[in-house]
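Here's what TrEMBL has on this protein:
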- C:75-265: domain 'ABC transmembrane type-1' (DOMAIN)
- C:17-38: transmembrane segment (TRANSMEM)
- C:79-100: transmembrane segment (TRANSMEM)
- C:112-131: transmembrane segment (TRANSMEM)
- C:143-162: transmembrane segment (TRANSMEM)
- C:191-212: transmembrane segment (TRANSMEM)
- C:218-237: transmembrane segment (TRANSMEM)
- C:244-265: transmembrane segment (TRANSMEM)
Amino acid sequence: MQKPGKKLSFLIAGATVGALVLSGCSGAGSSGSGDSADNTITALMVGNPQMEDIQKLTADNFTKQTGITVKFTILPENELRDKVTQDVANQGGQYDVATVGAYEVPIWAKNGWLHELSTQANADSAYDTADLIKPMVQSVTGDDGKMYAAPFYGESSFLMYNKEMFEAKGLTMPEKPTWAQVAEFAQKLDDKKKGVAGICLRGLPGWGELFAPLTTVVNTYGGTWFEKDWTPKVDSPEFKEATNFYVNLVKQYGESGAPQAGFTECLNTFGQGKAAMWYDATSAAGTLEDPNASKVAGKVGYAYAPVNKTEYSGWLWTWAFAMPKTTKKADAAWKFISWATSKDYEQLVGKNLGWPRVPSGKRTSTYAIPEYKESAKAFADVTLGSIEHANPQNPGVQPRPALGVQFVGIPEFADLGTKVSQEVSAAIAGSTTVDKALADGQKLAEDVAKKYK
Amino acid sequence: MTDVITRTDPKPEVVAPVKSGSAKDRWVRRAPLLPALIFAIIVTQVPFLVTIYLSTLSWNALRPGDRSFVGLENYVTVLTDRRLRSALTNTVLLTAGAVIFSMILGLALAVLLDRKFFGRSVVRTLLITPFLVMPIAAALLWKHAIYNPAYGLINGIFGGSTDWISSYPKAAVITTLVWQWTPFMMLILLAGLQSQSEEVLEAARVDGANAWQIFTRMTLPHLRQYLELGALLGSIYLVNTFDAVFTITQGGPGSATTNLPYEIYLTTFRKFEYGEASAAGVIVVILTIIVATFALRVISSLFRMEESR
Amino acid sequence: MTTLAAPRRKRRPANSVWGVVAWVAGIVFVFPVIWMVLTSFKQEQDAASNPPSWVFSPTFDQYAQVFDRNITPFLLNSLMASVFSTLFVVLLATPAAYALSLRPVAKWTDALFFFISTKMMPAVAALLPVYLLVKNLGMLDNVWTMVVLYTSMNLPLAVWMMRSFLLEVPREVLEAGEVDGAGLITSIRKIILPIVSPGLAATALICFIFAWNEFFLAVNLTATNAGTAPIFLVGFISSEGLFLARLCAAATLVSLPVLIAGWLAQNKLVRGLSMGAVK
């Protein structure tokens, strides 16, 4: 024991000295909080392909033009929500730019947590606020009519299907399918032996994961979370019918590992040709049509979100960049935000990374770029149509108490939706039933409703 | 976080501390201890006091300005919450499962390693490796490279398309933990095995006892304290499991694998009910104190064992 | 001091059979790690193939990608947090352990149990107050915050461990030194340090390992400036096609320092982890 001990202490001494030298060097650049001061801003991004593209393009373009360094943190969607809410709600001040969604912006603006952007946006003629698509602007506008976040990309939801698989079975997808038709296709195309699922649907818990597509199904089946007077309706027959339909569909013909599959996993599954259909965000198309990232590029057909009782059922979402009130670098942060959401940035992505990857759905002018139109002809029209037909005020068959298609625009919904989604996800895994999940959900919804009635 | 001092009885002391002596002498003796003690008190006790204070507030960070004193209301909410009770059950199941299985495996491996064979130190190095892998890396590795139904190693080798994490969530988490903690148990038990007196064992052999008799009648009783220590320390570390739950199952499906740390984390940073989260924290601390009282007794007896050797 | 003491048992033929069993067990246990390292040298398509591909042409692409995604600051943050917290732990724990062993204070057992009780308390119960305090001090996302927290996290371990090493200093030698008129400083330098320095090294290594691997506090208290290696790993899963091979490369990279440290310290590992109770 003595001998190795001596050797050991030498090694440690060596390692420590080395480490100190290294960290001493790094100290200048990375830590010591205040030093890298005005020319560095911090940004929190969600781990979607479009945001990862920003990270790739920033150093060589934005930093070169402005001298502003951007430090990124990239997190998966659920973790991102925890983190950004934690920071903004507590005025933690860790980020100068944060990625927030259509759900958070109006609530947070009301709480006075976000820096308004209208002043800077209107002063910047190159930014051209008039070009932004109306429903997108509305979803990031506070009660005072000011913009509190800049949409980076906008999306609705639609049905993607593998044209080769449909042709092989002699099936044709209508432009506006119903859920009954989709279930029939799923049954015909499901091929467990080949490892091909009939349909890929999200099963990962999280109000923004599983409940994004599921709430749109509930809407079109005539259900809702709350009625206009805040009566909770989670255990209503319509909500149950829709949830049972969704759960059974994914259980019978869905992807393997469905209870753990979110947008990311589904994108992989469908992109690897392991599912015949996929109902999810329109923004997935950009990645699916990129031959470097997908095996099904050029083979995908796009249809409107499947419906039952309503005419359209697509959701409305935007990932947008906001500045927490705590930022001390509002000018630098705005420079970054306006760069990343500008027309020029779309050109930059198109030319460097390929036109299908342009963060679309926020500017009308995007759909007039000839190269984009050419590369996105398979999905551009359906995308724009879906966005324009989404109605956050009245997405179902009855009036609603709060804004939102696939969510309820109140702060409590994140917790409510997530808890119920855990139960529904468990029902997909087979460890509980939909009835029990929704009965529990109704109780939680009643607690929430008490605060509003 | 709080002071859990429960000595059963004074231990045989190695060096008699000065009971009398001048005040100056006492302070000279105390001086080297003070920095560490003060540091530990500030960093661990102050937050706990704050937790107690917060637990009496109704405070949801998502509704700014909404912060008021509510007394013990949060405790009522938390204690009547079904989720917290199921989290408690899950904590016990996950901890006990991981400790027991890693102990059994660790014992088997320790017995193997106690023999002399070619490359023994290499095998030992291989066996401790899982313990050294960063826990979050291990959790990601198991989730994506091993359990994944489409390209995971298990289905890759044995076929099928079982979704291991959703079908057997607790087992999936426990397996990962057992894989990481078996080496720890093995090392402790190996030390125990190697402290056995060879002469006594040899004498038993001469008396005609077979290997199994020797193991059950002599080795196991000798190992008892090492087993207790392993169980105790394993529980201390594993009861706080967060990384594996956070990564592999996110507490699901449903709340099948939501343990107390994860549940409190969810209440704090997903529900933002700071008052409720603090009340839950205080309750967990109280429970820990109760458990720790017994645990420390075990440690005390171990110390007597160690120091009398 | 019995770790790896050569058994005095005679070699028997059965042992070679058990040796094979032990080897198989060792390989089974280490296999996930081997698989991780193998996967990290694959192309993404090979990594996601089913059945698994055993033969492939190795590539460093994934490692290149990891560095492209700027892992370096995260590694440096981890290094800083681990090294400095370890340094502080050793500086605080060694004198404390001295006052609890060789020249014990009056209520030394109470103090000792106080330290270990802080280790038993769930970190999650302190998360919120720590977060709020750190925020009010303006120290969120700061490496030094992590240094302080990791110091307190590892302190009980180090106190107990150092104490067990200090108890090995023979009483007679110390007393002989005192008789010779050696001052405190001299006796520490000449007598105590040489005996406990391997123990000091082992303590430091164990503290380093725990600090390096810590995730819970890091994920809640750091962001872009002070993010540590585990945080990088979590953010590395993305939707851009397949990610398994990249993930394995990153996981291998961040686990490597601790693997090396642990392999080097394996003789002392058990003592550290049992807080000095098992030698």
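The backbone N, Cα and C atoms fix where each Cβ goes, and this holds for glycine too.
TrEMBL entries are annotated by machine, without manual review.
These figures come from a predicted structure and were not determined experimentally.
Highest Cβ contact count with the transmembrane segment (C:191-212) among the listed stretches C:17-38, C:79-100, C:112-131, C:218-237, C:244-265 falls to C:79-100 (criterion: pairs under 8 Å). Here the transmembrane segment (C:112-131) has Cβ contacts under 8 Å with residues 100, 140, 149, 152-153, 155-157, 159-160, 163, 216-217, 220-221, 275 of the same chain, all six or more residues outside its ends. Stretch with the largest number of CB pairs closer than 8 A to the transmembrane segment (C:143-162), among C:17-38, C:79-100, C:218-237, C:244-265: C:79-100. Beyond the ends of the transmembrane segment (C:17-38), by six or more residues, the same chain brings 248, 251-252 to within a C-beta distance below 8 angstroms of the stretch.
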